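Enquirer: Dumping what TrEMBL says about this protein:
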type: ACT_SITE; residues: ASN8; note: active site
type: ACT_SITE; residues: ASP182; note: active site
type: DOMAIN; residues: 1-104; note: domain 'HotDog ACOT-type'
type: DOMAIN; residues: 151-263; note: domain 'HotDog ACOT-type'
Amino acid sequence: MAAPMDANVRGRVGAGRMLEWIDKSAYACAAAWSGHYCVTAHVGNVRFTRPVEVGHIVEVQSRIVHTGRTSMHIVATVSSGDPRQGELRVNTQCLLVFVAVDDDRKPTPVPTFTPQDEWERDQQERAVTLTDVRTRIEADMVKQSYTDGTESCRETLRFLAAPTTVNWGGNVHGGVVMEWIDEAATLVAERWNQGSAVAVYAGGVRFHQPLHVGDFVEVQAWLIHTGTSSMHVSVRVRSGNPRTGELNLTTECTMVLVGLDNDGHKRAVPPWKPTLSEDVALDTHAQTMVEIRARLLRAIPLEVPPLVD
């Protein structure tokens, strides 16, 4: 059940908390399939089409749909509903990639997945397609620069990774990192919008290396593109030993948020018109990502996928 402490400062269950639930459920699925500890490698194409209300029952179903040599592609579906009515409706569905590792934290082979029904065959085909798309997106992401040579609206959060963020392997939980990303992106969007904003999309979440408890953490968020009511925010997480101050990139992601008026309806946001070369490149990058993802868009299902007997 979604508890009051799951809500954000606006009283809603935010995208970050939903991403944390998704990551935990998918981890359990990956660990059960592989028989090993697993690490999150990628989370992609998360569209938040329906909010989770505080007090509602929440179900997160995770299913293997494809495997590589050491990787597992998992479809996670979040559904929720009023416990007094007993009916659950889908809130979001996304694909995650986990990698199994051995005791030395080296990638280790996993059992091969063979689809058993039409839904699994369809999802496996889509997972393979998205792998190729992800390669193209990541290649474009690598080309971008994030320096002080910007006029963009940006915010930086800095703190130490607390022991309460630890996962089963002793590192900071990937879902917690995604919650930090959502917080930083929301801060930028609400500052730019001068009002409330809500996440409608998270994509290209890449986990480059583990983040450790006690690390100094820096979460930087940049506004890189605006639509009529949307704000595209690029977020990069860096961490390292607080004694040395040397930080390494651990995670990066793009969030899309929409501006809301006082009644909670979408409203037009101020346009971002970049002029500096770095800002123009990031704006172009955001538009390229929109075009790539639009070609793969499919409707979020209304019902939870059926389980194979």
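A Cβ is built for glycine as well, from the same backbone N, Cα and C atoms used for every other residue.
TrEMBL annotations: computationally assigned, not manually curated.
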Enquirer: Give me the CA-CA distance between ASN8 (active site) and ASP182 (active site), in Å, as a whole number.
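Expert: So the alpha carbons of ASN8 (active site) and ASP182 (active site) sit roughly 11 Å from each other.
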Enquirer: What is the number of residues in the domain 'HotDog ACOT-type' (151-263) that are helix, strand and coil, as DSSP sees it?
Expert: 23 helix, 57 strand, 33 coil
Enquirer: Including all protein chains shown, what's the count of other C-beta atoms within 10 A of the C-beta of ASP182 (active site)?
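Expert: Neighbour count, Cβ to Cβ under the 10 Å cut-off: 26.
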Enquirer: I'd like the Cβ neighbour count for ASN8 (active site), meaning other Cβ atoms within 10 Å of its Cβ, all protein chains included.
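Expert: There are 16 of them.
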